[in-house]
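Pulled from TrEMBL:
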COMPBIAS  316-332  compositional bias 'Low complexity'
REGION    316-355  region 'Disordered'
COMPBIAS  345-355  compositional bias 'Acidic residues'
TRANSMEM  392-414  transmembrane segment
TRANSMEM  426-445  transmembrane segment
TRANSMEM  457-477  transmembrane segment
TRANSMEM  514-533  transmembrane segment
TRANSMEM  539-563  transmembrane segment
TRANSMEM  596-615  transmembrane segment
TRANSMEM  621-642  transmembrane segment
TRANSMEM  654-674  transmembrane segment
TRANSMEM  705-724  transmembrane segment
């Protein structure tokens, strides 16, 4: 059935005599469109002049043969008005009365922006909400009344143009181009086909500005299509050059919805200039892409699982405190500890970690030797030391529970707010690849090899699992406020790795779990303060830089003197005396040259970080702290490997493979990490410019690949720490140097 193009123009000059015009459009019910107009007289009143125009439009429908689903082709009416008058005191008022609603506006149309700025538009174009006929009745005329009024005491000329809107219904996987402006919004209808359950509305603009809003609204009249009310219904996103909204069939019982496009009068909400430098029309392209379902996800996971055997090293039994590869085991019954001794309370551990009387008398003498060996720093009872490091494991479980519960509660609240308000600017996703889901015993080595204490490894494992949980919580609604959740256990993983590396050659003097976790608590507290105050407050960066430098000096002193330098009120006086005697009175060579080189380089790196933060004040404070931890870990690992090779020790094939695999996988992971798909450092609209489609199995994007590869890289990193000193399993501890 063909339809004639509906088009007519009223160009009327409003006179004080009250003469006007009336027009009417009607249909005979068979799709033929007619139009007529006639001159008419209204109330002759110097203050009020009213003119009536009657119009009609038709939505023709066809009933499907299965009588289950209605397929109707609907065209819509768009009303364009223009007035040359710029007098804001006497605007021309337009009221459109339809069967199920009233739509009104004025010309000039006024929008309000930031700081009470006003933006006036002489041309206004609105799409009238279509009324769908019921399947029980035949097509009938839909009468529409347009009332025009003005209180002006003088002549006002206006133009009224009514056109039939072609291509009102969007189609799946078919791009559609159109234009819009702040006073001329657009919206279109989309109806789910039988075989489509989810679509991505991909919108692309030809220019970054002006700032725009894309909204998905249910089939309800009136449609909210102006800047001040577009957020009242449905879900919406701000955009500059790109936006993407995922819509599922189950969310719309009628299996159809409106896609609304609104341009803001100023660009402040999208990070642009205020006021906007562009006020013309914006050219848009919208494409509704059929999205993969969770069935595709299951298939993707299955295919990914098939690749795991190719990526994983050959299975082998993990380390256990009851055995070790290549070590000499003392198996005589009289040398074994009593059964169940490792489960005793940790209160047996003294505050200074010394249990043998002879250690208390000579430990300070031993630690002053220029050349230390592992036997000098592994003199404590193995059971007590093992308990000391198991405290790391139990404490981190407690920390994880208390930290994770409020985080989970917060991200659920975030998601609830997003679902209730429809504001998709709260969370920074890669919307082009977003998939909604609902509405979340011991080893007996007393004389050979590195002491086998796995409490820190267990703690690292728990920290890695909690990092996965909190990272998932962050990705429920990624934004600036909750990024700290994604990084908190990263700090702990990096710190525990450094402690584990230090523990291998310093088992008796390594930090206790209490002091280590207290230090992590201070770091996380500083991270929270950085999120709140680190954007623009100079005082925070001054205080943080001072804390950073002082902490680096204090830790360097502890490492250099092997814990013999007491941190108390008199430490500053002792430090001045040491500097005076060793550097000013007589410039002597440092007693522990290797340690001194490491600490000088480490302090230079940390001071550089402090100066960088003080000068540039990076907004991403959480990543800034994480960078400090990672650089210190890499520096210490490099120092450890270099000193190991200098000491004529060797790297066995397995640790060498793990080191190479770690480097390769981390490099690949970082490549995908820097493929930025979103950024909460920018506005939501600017962030969406970075969104990209899925790249792996039609379901995963670059950031998902980063998570896969970084997980594998962390696995190999832990293997490096586990196997790095396997070559020493048969070497006496009094032959293993300490560095």
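Backbone N, Cα and C define each Cβ position, glycine as well.
Bear in mind that TrEMBL entries carry predicted annotations, made automatically and left uncurated.
In this chain, the transmembrane segment (514-533) lies in contact with the transmembrane segment (621-642); the count of Cβ pairs under 8 Å, excluding pairs fewer than 6 apart in sequence, is at least 3. Ranked by Cβ pairs under 8 Å to the transmembrane segment (539-563), the stretches 457-477, 596-615, 705-724 are led by 596-615.
Listed as Cβ neighbours of the transmembrane segment (392-414) (distance under 8 Å, sequence separation of 6 or more from its ends, same chain) are residues 426-427, 440, 455-456, 458-459, 462-463, 466, 469-470, 473-474, 476-477, 479, 482, 485, 488-489, 492, 496, 513-514, 516-517. Sequence-remote contacts of a segment are chain residues at least 6 beyond its ends whose Cβ falls under 8 Å from one of its Cβ atoms, and for the transmembrane segment (596-615) they are 541-542, 544-545, 548-549, 552-553, 556, 559-560, 590, 624, 627-628, 631-632, 635-636, 639. Through the fold, the transmembrane segment (654-674) approaches residues 313, 641, 702-703, 705-706, 709-710, 712-713, 716-717, 719-720, 723-724, 726 of its own chain, all at least 6 residues removed from its boundaries and within a Cβ separation under 8 Å.
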